[in-house]
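Have a look at the structure below before the remarks.
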């Protein structure tokens, strides 16, 4: 009624275009627009392009896309400006159809705005080829150097994870404005290229001629938060104050997130209180800040305050409330949040269900996570990633791979996060053929420039036995972060190449990348498995005195392992007793393992007594002690230990070995006869054992059960899972082909010796990955030098 009265009171018979343009500008609802449209028709302005273009623009502002489309179709001769409004307004596949219609069915020629809007629309499509083709069209039509088009192209490539192409386009732009710099920075942040985003930001500052705005400051803050660059963040804060942006709510919100993620929750709280009227985004940042710092009680209190203010919460509020980063001890809170989401209807939001899936997975509530995933009506790439990652983190690698294959069948395009998760699963399982297939997918999707994907590929190849392939990829990488260096150093450690690991650490030190706790752990592990005692001790001392890094239990355990494996058991025990912190199961476990290798019952008894106090439910320690007694032929004590295991109802993890033939994985357990080719496998095994004995092989039966006959002991040892897998590999592959197998436990002495003989007899290279490391067998020798 108000709109009608406005029209009636202001309308004159000489109504002009400007009158309707002004009226359209003031319209705030769809009802207003429909009434104005009626008056436009009554006054014979329905074919006036300027008026209809303005009406179309306002319809898109009010999300009335269907109405806008029908209006456009009623215009006999739309001009380029109207086409551009439609292409921008739809921002989806309809925009591309309109662009195609414009080129093929009209005399009009696209301009820079047409291309910018069409390319922006192509960002919403699953197929990147459309956007690439539009970019080519723009170049051919002479708009390749246009600022507006260039910014849209950069944004398109970044949204499609094509960081390399985005950089090329950005670097070739003859002129860049604040918007184009902001697009580059925010796009790199979205792609988790945080170091690159900071580099671009610093480059923008050095450029000098480009003014920063509040969006620039807000865009760089997430990168600084993820990199924990609080000092640099504070410098940006000073810059924001100087430029007058600091009081802007969205900038203050960015700083709240920065301080929260850098662990300074008090500073974040202070900034939050500086905002006179915090909006929902500010509340969300503060709630998330409390949660990410393990202060869930504070986040719940603020959440209740938000509800009390009658502000309607959104999905970001709930995601910030869910204790994803500190889930342990908060299962009941997670259940309560889950219940609230169901009642409020917000569970249908993909970001909420994905966050809940993530936290349930981290709490090892994998069934709840999968149930939530299955019930999700809209499964986004992030939803799939959360579930695949959940399986991988819980060691359910086969389930992760199966779900990834289901994702492929569902036509959901994987992104770098998906690829990183599935490569981790391949690395855990030793699924090299699938890992190689994922590598080909990485190439086809042009994800190689993503540092996390490239690092995951290095890790996968190293853990699947391809250390040379891992190094080749490592050398090809232009930018390497600490995780990349760690992956390669760790890979060398797994393969017993300690000297290579130390050499690479020297290169890392000269590259300017600061090592972290994982770097030193990987180095100590490498020294341990290569017998580099002196080097290992130097690394440990350097970590403390040169890098001022406080050792964790894992670092102390590695030093114990280094000393213990070399036979310096007394020194290892002294090291434990002189530790500045209370030694735990990790240190005593390493000592017990060394005692078994060197058959030292005295120190083993000391270590085992401590372990049974600290970790009485860990069956591995009982097995080690029992094996030590068996080797010493003290079967009474071995039986006593095993009896204790039975009383406690502890179960030993069953050994299994995987071998891939082609792209098919085959898993064997000890004495397994379930394989379709079982008869041929056992026939090959008998043939091997006969030839091995002729060559001087003697079965190591000391650790077998003492209460069975010697002949039966030998039979038990001869059908261990790794021997069955190798026998199958010999009959399923061509002569001379390398055989790779993956054992879930440490390879036993007998199987290790047997594999050396088999490599000699069959003239095959056999690569074995056990729970500790890689063994490369060739010509009767092992790369570990019998040091594992």
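Quick reminder: no glycine exception, Cβ is built from N, Cα and C everywhere.
Record features (TrEMBL):
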type: REPEAT; residues: 177-211; note: repeat 'PPR'
type: REPEAT; residues: 279-313; note: repeat 'PPR'
type: REPEAT; residues: 380-414; note: repeat 'PPR'
type: REPEAT; residues: 481-515; note: repeat 'PPR'
type: DOMAIN; residues: 696-788; note: domain 'DYW'
Helix, strand and coil residues within the repeat 'PPR' (177-211) as assigned by DSSP: 27 helix, 0 strand, 8 coil
Mean of the pLDDT scores, which run from 0 to 100, over the repeat 'PPR' (279-313): 92
Residue distribution over DSSP helix, strand and coil in the repeat 'PPR' (279-313): 26 helix, 0 strand, 9 coil
